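Student: Sharing the feature lines straight out of Swiss-Prot:
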CARBOHYD  N56  N-linked glycosylation site
CARBOHYD  N92  N-linked glycosylation site
CARBOHYD  N113  N-linked glycosylation site
REGION    521-549  region 'Disordered'
TOPO_DOM  1-23  topological domain 'Cytoplasmic'
TOPO_DOM  45-135  topological domain 'Extracellular'
TOPO_DOM  157-164  topological domain 'Cytoplasmic'
TOPO_DOM  186-195  topological domain 'Extracellular'
TOPO_DOM  217-224  topological domain 'Cytoplasmic'
TOPO_DOM  270-337  topological domain 'Cytoplasmic'
TOPO_DOM  359-368  topological domain 'Extracellular'
TOPO_DOM  390-395  topological domain 'Cytoplasmic'
TOPO_DOM  417-425  topological domain 'Extracellular'
TOPO_DOM  447-456  topological domain 'Cytoplasmic'
TOPO_DOM  478-484  topological domain 'Extracellular'
TOPO_DOM  506-549  topological domain 'Cytoplasmic'
TRANSMEM  24-44  transmembrane segment
TRANSMEM  136-156  transmembrane segment
TRANSMEM  165-185  transmembrane segment
TRANSMEM  196-216  transmembrane segment
TRANSMEM  225-245  transmembrane segment
TRANSMEM  249-269  transmembrane segment
TRANSMEM  338-358  transmembrane segment
TRANSMEM  369-389  transmembrane segment
TRANSMEM  396-416  transmembrane segment
TRANSMEM  426-446  transmembrane segment
TRANSMEM  457-477  transmembrane segment
TRANSMEM  485-505  transmembrane segment
Amino acid sequence: MAFNDLLLQLGGVGRFQKIQVTLVILPLILLASHNTLQNFTAAIPTHHCRPPADTNLSEDGDLEAWLPRDGQGRPESCLLFTSPQRGPPFPNGTETNGTGATEPCPHGWIYDNSTFPSTIVTEWDLVCSHRALRQLAQSLYMMGVLLGAMTFGCLADRLGRRKVLIFNYLQTAVSGTCAAFAPNFPAYCAFRFLSGMSTAGVVLNCMTLNVEWMPIHTRAYVGTLTGYVYSLGQFLLAGMAYAVPHWRYLQLLVSAPFFAFFIYSWFFIESARWYASSGRLDLTLRNLQRVAWINGKQEEGANLSMEALQASLKKELTTGKSQASALELIRCPALRRLFLCLSMLWFATSFAYYGLVMDLQGFGVSIYLIQVIFGAVDLPAKLVSFLVINNVGRRPAQMASLLLAGICILINGVVPKDKSIVRTSLAVLGKGCLASSFNCIFLYTGEVYPTMIRQTGLGMGSTLARVGSIVSPLVSMTAELYPSVPLFIYGAVPVAASAAIALLPETLGQPLPDTVQDVENRRRGKTRKQQEELQKQMVPLQASAQVKN
């Protein structure tokens, strides 16, 4: 009897699974807010240079006399006349309203606070020559996510999913709250970096802890539900940012609830599958009996003895006592193939995804509306993804989502700028496909890696995703060469990466592999049941050989 059979015997999707899955995925609502928070906390309002202190700002003429005009007749954002220019304005706004010398804003800036009363941009003047610092803050957050994925993925395979998850909740709460009270920009960046580390750990361990407690036939449901909860977080972020436009209060609003998540996470039950893979049979038995009691299967739990558990999980116990390191992903041929292919998928999905979602102000419409639309498109996209994942397979779902996303982005690159509705529609469709790709790849990665290195594999995949999210803003700088170059790159990468899916196994309806040998058998087309039958056939042959000897 394999581990999946034990779960079914002890209630399948019982009261325990429903309660723990709900509590584990609840923090993901606010996790979506952390990832794209700077769309609002670092929004750039309309601004222009502040004139000298003795200027009468209540008089439009006095203010206009200090402000040069750009080619479209708008005030320059980063230049100020060295002396007021009182001459009449030029017609059609084609030239500046004076011929005097200009200088970068020596007295600071005046911001339009009608939409964004307070952001890190307005508080620390991250505009003009300091504009790159705004992107630096987001890049540092993503670097934190990258380091967190590398660190907490490996730690969870060694220390357990529950312990690492509890620590991640606390770190997110503390670092996020400290960021809300940051006295200066360097301190803000440091706390955001720490927040990024912990949010990566939350995502990885939430998904793994849930998957390892669920029977085979329900894993796709859990993966899709997790994706929907993340999408709900995008809706919630738009509403919270609209209701709480001050960046410090918004930062605190999405961080403080993690103190509550930290408190109730102490009641989570550690993965019995991880205990078994670690060779800790006593704790495996204890947790399975606790789950049986919660699910109302007291008799089945009482009948589950140490001997029965050893017989059921013989292979897990004999092969899982040695902990695997991240180097196994490269050393072992079977794992190396999975690692390389999945790395391309993780990188491509995140690279294109953040290329779209971190440039909401570039659409030319309300940033709150775009945030809601980007969240809304996930609902039908993930429903279609779920149906394909659960009925057709993981591979078709992953390939279709990446290909369609890349094609939509590539088409967007050739659509004229004045076709804003068409461009926005294609971007929204592409974003929905990329959200579906994320939904699938989290589930898919957890199913192809063996238990002994599953969390490490997820962590390395998330690491590659973070590399994509860090590189993505740099690619946007190629727009200076030609406006559509970033879109061509964002579209080409997922299309090219989709070819790697052909080298991955289908996992629909398959048991989770526990060892590297399971991965090898799957690659060779052998199921666990076939292996057990082969071993049974070998027993009489071995006995016959012993008699002859």
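Cβ from N, Cα, C; glycine included.
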Student: Hey, which bits of the same chain come close to the topological domain 'Cytoplasmic' (217-224), Cβ under 8 Å, at least six residues off its ends?
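Tutor: Answer is 12-13, 17, 21, 207, 210-211, 382-383, 385-386, 389-390, 439-440, 442-443, 446-447, 509.
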Student: Suppose we draw a 10 Å sphere around the Cβ of N113 (N-linked glycosylation site). How many other Cβ atoms does it contain, all chains included?
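Tutor: Taking every protein chain into account, the count is 14.
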Student: Sequence-remote contacts (6 or more beyond its ends) of the transmembrane segment (426-446), Cβ cut-off under 8 Å?
Tutor: 207-208, 211, 219-220, 222-224, 226-227, 231, 342, 345-346, 349-350, 352-353, 356-357, 363, 373-374, 377-378, 380-382, 384-386, 389, 394, 397-398, 401-402, 404-406, 408-409, 411-412, 415, 454, 457-458, 461, 491, 494, 504, 507, 512
Student: Counting only residues 6 or more past its boundaries, what in the same chain has a CB within less than 8 Å of a CB in the transmembrane segment (249-269)?
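Tutor: Distant contacts of the transmembrane segment (249-269): 16, 20, 23-24, 26-27, 30, 33-34, 37, 40-41, 162, 165-166, 169-170, 172-173, 175-177, 179-180, 195, 209, 213, 237, 240-241, 287, 290-291.
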Student: With contact taken as 3 or more Cβ pairs under 8 angstroms (pairs 6 or more apart in sequence), are the transmembrane segment (136-156) and the transmembrane segment (196-216) in contact?
Tutor: yes
Student: Counting only residues 6+ away from its ends, which parts of the chain sit with a Cβ under 8 Å from the topological domain 'Extracellular' (186-195)?
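Tutor: Tertiary neighbours of the topological domain 'Extracellular' (186-195) are 34, 120, 136-137, 140-141, 143-144, 171-172, 175-176, 178-179, 255.
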Student: Below 8 angstroms Cβ to Cβ, which residues of this chain, lying six or more residues outside the transmembrane segment (225-245), approach it?
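Tutor: Answer is 21, 25-26, 28-33, 36-37, 40, 115-118, 206-207, 210, 253-254, 368, 371-372, 374-376, 378-379, 382, 385, 435-436, 438-439, 442.
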Student: Using DSSP, how many residues of the topological domain 'Cytoplasmic' (217-224) fall into helix, strand and coil, respectively?
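Tutor: Secondary-structure composition of the topological domain 'Cytoplasmic' (217-224): 8 helix, 0 strand, 0 coil.
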Student: Answer with yes or no whether the transmembrane segment (338-358) touches the transmembrane segment (485-505) by the criterion of at least three Cβ pairs under 8 A, sequence separation 6 or more.
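Tutor: When sequence-distant Cβ pairs are counted, the transmembrane segment (338-358) touches the transmembrane segment (485-505), since at least 3 lie under 8 Å.
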Student: State the mean pLDDT for the topological domain 'Extracellular' (417-425).
Tutor: 80
Student: Please tell me whether the transmembrane segment (396-416) and the transmembrane segment (338-358) touch - that is, whether there are at least 3 C-beta pairs under 8 Å between them, with each pair 6 or more apart in sequence.
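Tutor: Counting Cβ pairs under 8 Å, at least 3, so yes.
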Student: Give me the DSSP three-state residue breakdown of the topological domain 'Extracellular' (186-195), ordered helix, strand, coil.
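Tutor: Computed counts for the topological domain 'Extracellular' (186-195) are 10 helix, 0 strand, 0 coil.
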Student: Can you tell me which of 196-216, 338-358, 457-477 gets the most C-beta pairs within less than 8 Å of the transmembrane segment (24-44)?
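Tutor: That would be 196-216.
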Student: Within the same chain, where does the topological domain 'Cytoplasmic' (390-395) have neighbours whose Cβ lies under 8 angstroms from its own Cβ atoms, ignoring anything closer than 6 residues to its ends? I mean 6 or more beyond.
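Tutor: For the topological domain 'Cytoplasmic' (390-395), the nonlocal Cβ contacts are 220-221, 440, 443-444, 447, 501, 504, 506-508.
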Student: Tally the residues of the topological domain 'Extracellular' (478-484) by DSSP class, grouping H, G and I as helix, E and B as strand, and everything else as coil.
Tutor: 3 helix, 0 strand, 4 coil
Student: At a C-beta cut-off of under 8 Å, are there same-chain residues at least 6 beyond the topological domain 'Cytoplasmic' (157-164) that contact it? List them, or none.
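Tutor: Sequence-distant neighbours of the topological domain 'Cytoplasmic' (157-164): 201, 205, 208-209, 212, 265, 268-271, 274-275, 323-324, 452-456.
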